[in-house]
Structure formats: C-alpha cells, structure tokens
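Visitor: Swiss-Prot feature annotations, pasted as is:
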- 427-436: compositional bias 'Acidic residues' (COMPBIAS)
- 445-456: compositional bias 'Low complexity' (COMPBIAS)
- 422-472: region 'Disordered' (REGION)
- 24-44: transmembrane segment (TRANSMEM)
- 66-86: transmembrane segment (TRANSMEM)
- 108-128: transmembrane segment (TRANSMEM)
- 156-176: transmembrane segment (TRANSMEM)
- 196-216: transmembrane segment (TRANSMEM)
- 234-254: transmembrane segment (TRANSMEM)
- 290-310: transmembrane segment (TRANSMEM)
- 312-332: transmembrane segment (TRANSMEM)
- 361-381: transmembrane segment (TRANSMEM)
- 392-412: transmembrane segment (TRANSMEM)
Amino acid sequence: MATTAGAKKGLWSTIRRIAASDRISGLIMLGFALTGLVLANLPATAHAFETVAETHLFIPYTNLDLPIGHWAQDGLLTIFFLTVGLELKQELTTGSLANPKAAAVPMLCAVGGMIAPPILFLAVTALFSQIGPGEPGTLILTTTGSSIPFSEMSHGWAVPTATDIAFSLAVLALFAKALPGSIRAFLMTLATVDDLLAIILIAVFFSSINAWYWFIGIAVCAAIWAYLVRLKKVPWIAVGIVGILAWIMMFEAGVHPTLAGVLVGLLTPSREMHGELSPRAERYANKLQPFSALLALPIFALFATGVHFESMSPLLLASPLVIALIVALVVGKPLGIITTAWLSTHVGGLKMAKGLRVRDMIPAAVACGIGFTVSFLIASLAYKNAELSAEARFGVLVASLIAAAISGVLLSRQSKRFEKTAAAAAADEEDDESIDGDGIGQPSHTTEPTTPTEHPGTLADGTASVEIDFRH
C-alpha cells in the first residue's frame, strides 16, 4: 500500500516537473497543434476527427449544447485562464507589477506590441483588397476562391495582438540558456500585461451581452468565491460549484465564459494568511499548472488547429489573410515592442533593467510574435465565416512557427555572445586574482616610506606642543 502511494506521489512529482518546464510543455502543445492540423486533413482520419469535434454535449436546464471542439475552447481553456488570473493577482500584489515604476517599460512595451500588429494587419489586407485579383475592396480566399469584403476581413484585427507566454518562454528555455535573468523577467512582465490586455479585448469586443440580470448572479458568485477562499479551511466542493455557476452565468450573459476563470483568479488572496507560509494564489496556480499545461492547452490546440482545408497546399501561404497575420505577428509585434522601448527610454526618460539595452530585447521581442492560444481563440471569435476562421488559425500557426524559428536563431546567437562575455570577464577576474596572489608587478625590495617624526615639546604657557621633523 505504501509502495503504491509512493509510486503515485513520484508520478505526480514527475508530471509537475514536466508542466513546470516551459520547454517541454511548449513542445507538447506544439505537437498537439500540428497533430490536429494533420488529423483534420489526412483522408484516412479527417472524417473521424470531424465527427469527434462536432459531437455535441449538453448540460440539462441550460443553453449549453456545444460540440466537443467548442467545449475545449470554452470549457477546458477556462483552466488556463484561471491559472492566468491567479498569476496576475500574484504579480499585481507582490510580483513584477507590484511596483509600476520598475515595470513601466515592459508594461508600455506590451501596449506598443498590441497596437502595431493590428495596424499592419489592416494595412496589408487593405492593400490586397485594392491590388488583388478580386473586385476592388474585396479579397479572395485561397482555400475556396470565394470573395470576401475587406470590411469582413478586417474583423480579425485583434487576432495578432496576443502573445503566448508558454511558447515564448519555451523558446527562451531552448535557445537562451546563457542570457541574463533580466531578459526573462522583462518578457514575463510584458507577457503578463499582454494577457491582461487580451482579456480586456475579448471582454469588450468579442462578447455580446444577452441579459443584464445574469451579471447579478455573476457578482453574487464572485462575492461568495472571495469569501470562501479566505476561510481558514477552504470548502473545495462549494468553491467548485460556485466557480461552475459563474462560468455558466458568463456563458448565458453573452460574455466569453473563460473570463470566469480570470475573475475568480483575481479574487483569490495573494498574501499569506492564517499562518500559511505562501500565498494561496501562488499555491493554487502551482497546483493547476499541470492541468493547464498538459491537459487544457494541448487539447485546445488539437481542436483549434484541426481545421479541414479543401485544398491543403503551399498556395495557402499566399493567402492575403495568412500573409497579413505573418506580417502582423512576425514584424508588427517586435516593431511595436522595440519602438516603444526606445521611445520610453530615450524620450520618456524611463530606464531599462540594470545592464539591459533596448537592442538586447530584439530577440525576445521577436519571440512575442508567437501567438497560439489566445490568438486561436480570438480567430474563432472574430470570424463567423468558417473558411475565414480556418485560414486565420492556419495563419497564426505559420506566423508563430516563423517567429519561433527567427527568435530561436537570434536568441542562440545572443546567448553565445553573453556566454563569451561572461567567460572573458571570469578569465580577467582569475588573472587579477593570480597577479595578486603571486605578487607579480611588486617591487623586488621595499623601502620604508618616509613619515614625519614627532618631537614633543612645551610652549611658554605650559601647553604641550608637537614639533614635526620632515627630514627623517
């Protein structure tokens, strides 16, 4: 019995270590994303995959009757957003966002990184609508050849705004082992604010309010959650029921239900209480991390990229929508971040972290062009047209892979430079210690330094005096 318990504990520890590794969890999610794309387009598996994705599951006495693919997006992804909410609360209280002055540059860079991509996206799609093969003001979908008005295509402006922190950190972990921790801290702060802004975007632009009275229920659930998670002994069954009710009411209200996770996460205490050694928000986020990284995100990625294309060919890369997303994420994201960093430090008078220059952030800024999770979600919310949504998600996947590849090369080179600099500094330090230890450079004999000699004397009034002889 003890052996079984020990084995289970060991297995759970291994799972938590895998989930905590940005590199491994990022590669797992990428693997599921590519698997979804392959399964949806291989003749042998396409029908079975579509059947599973479109199988409906419903909850009695509610309007919840969704296909499995949507349950992955609206249900499972709530675990990820709950983890984000808990981490945000901790960062706002005791983490990188607790001191706005210290975090000012990455916070502003997050804003800049969300402004530039939509501008480039709209510029590229507008250009294609004028010079493309279709009628002026329209764009041609590569997959079906159908004509789409620019006004409809422009609904996807928010798709390239988000950064996938898990993938960005995975790229850093893979290619940037010798980089200073300040670069990772900068990226973490930027991505945290990016997540917050993406949540606001979804709430404001991609929610359709159905009935105001649901918000009363949401507020009641929020208040009960805030009370229950502050009790000395948390009643987890009651907390779970309240969380599920908040999710259902969000759905009924027309707000994207994953935001229920963010709401309750932000209401969780982030300081030590009842004599506990660590904040509850931090502990709960750590416990949820395996479910988020190894369950919710991979399954979501599987169905999000599992879109069927009638003609799966390299011509998809020539799609105006795909090109616009590649330009927006691969060029727009780093351009917005670096431009904002330069303006903040050279014009605004703000300072980067000690030892960091604006140009040091270029490789990490390119990594911020990895969209994935939230970009997939926004693509499915922004486009009601199934073909547009499919091409948008494909564009996000391609753009993210390109951004990951470019940032990987840049980070690897940057890491080698930092490694050489650190090695040279260490060698210089060893040489200095060797010189000091061996006495190299010291004179072969020493002469006693000339010092003044004191001759005490007495003044006429009897006061003691000192006569200093410099001739000695």
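Glycine residues also receive a Cβ, built from the backbone N, Cα and C atoms like all the rest.
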Visitor: Grab the same-chain neighbours of the transmembrane segment (312-332) for me: Cβ-Cβ under 8 Å, and only residues 6 or more beyond its ends, written as numbers and ranges.
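Guide: Distant contacts of the transmembrane segment (312-332): 41, 116-121, 124-125, 128-129, 132, 139-143, 153, 156, 159-160, 366, 369-371, 375, 388, 391-392, 394-396, 398-400, 402-403, 406.
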Visitor: Contact between the transmembrane segment (361-381) and the transmembrane segment (156-176) is defined here as three or more C-beta pairs under 8 Å separated by at least 6 residues; is that satisfied?
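Guide: Answer yes: the transmembrane segment (156-176) meets the transmembrane segment (361-381) with 3 or more Cβ pairs below 8 Å.
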Visitor: Is it the case that the transmembrane segment (66-86) and the transmembrane segment (361-381) touch, counting contact as three or more CB pairs under 8 Å in which the residues of each pair are 6 or more positions apart?
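Guide: Between the transmembrane segment (66-86) and the transmembrane segment (361-381), contact is present.
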Visitor: Any residues 6+ beyond the ends of the transmembrane segment (392-412) with a Cβ under 8 Å from its own?
Guide: 33, 37, 156, 159-160, 164, 167, 171-172, 174-176, 179, 304-305, 307, 309, 316-317, 319, 321-326, 328-330, 333, 362-364, 366-372, 375-376, 379-380, 382-383
Visitor: Taking residues 6+ outside the transmembrane segment (234-254), which of them lie with a CB under 8 Å of any CB in it?
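Guide: The answer is 59, 62-64, 74-75, 78, 82, 207-211, 214-215, 217-218, 221-222, 224-225, 228, 260-261, 263-264.
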Visitor: What same-chain residues lie close to the transmembrane segment (108-128): Cβ under 8 Å, and 6 or more beyond its ends?
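Guide: 139, 150, 153-154, 156-163, 189-191, 193-194, 197-198, 320-321, 323-325, 327-329, 331-337, 339-341, 344, 348, 350, 361, 365, 368.
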Visitor: Under 8 Å between C-beta atoms and at least six residues away from its ends: which parts of the chain pack against the transmembrane segment (361-381)?
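Guide: For the transmembrane segment (361-381), the sequence-distant neighbours (Cβ-Cβ under 8 Å, at least 6 residues beyond its ends) are 29, 33, 73, 77, 80, 109, 113, 156, 158-164, 166-168, 171-172, 176, 183, 186-187, 190-191, 194-195, 198, 201-202, 206, 256, 258, 297, 300-301, 304-305, 329-334, 337-338, 341, 352, 389, 392-393, 396-397, 399-400, 402-404, 406-407, 410-411, 413-414.
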Visitor: Counting only residues 6+ away from its ends, which parts of the chain sit with a Cβ under 8 Å from the transmembrane segment (24-44)?
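Guide: Distant contacts of the transmembrane segment (24-44): 18, 50, 166-167, 169-171, 173, 293-294, 297-299, 301-309, 312, 372, 394, 397.
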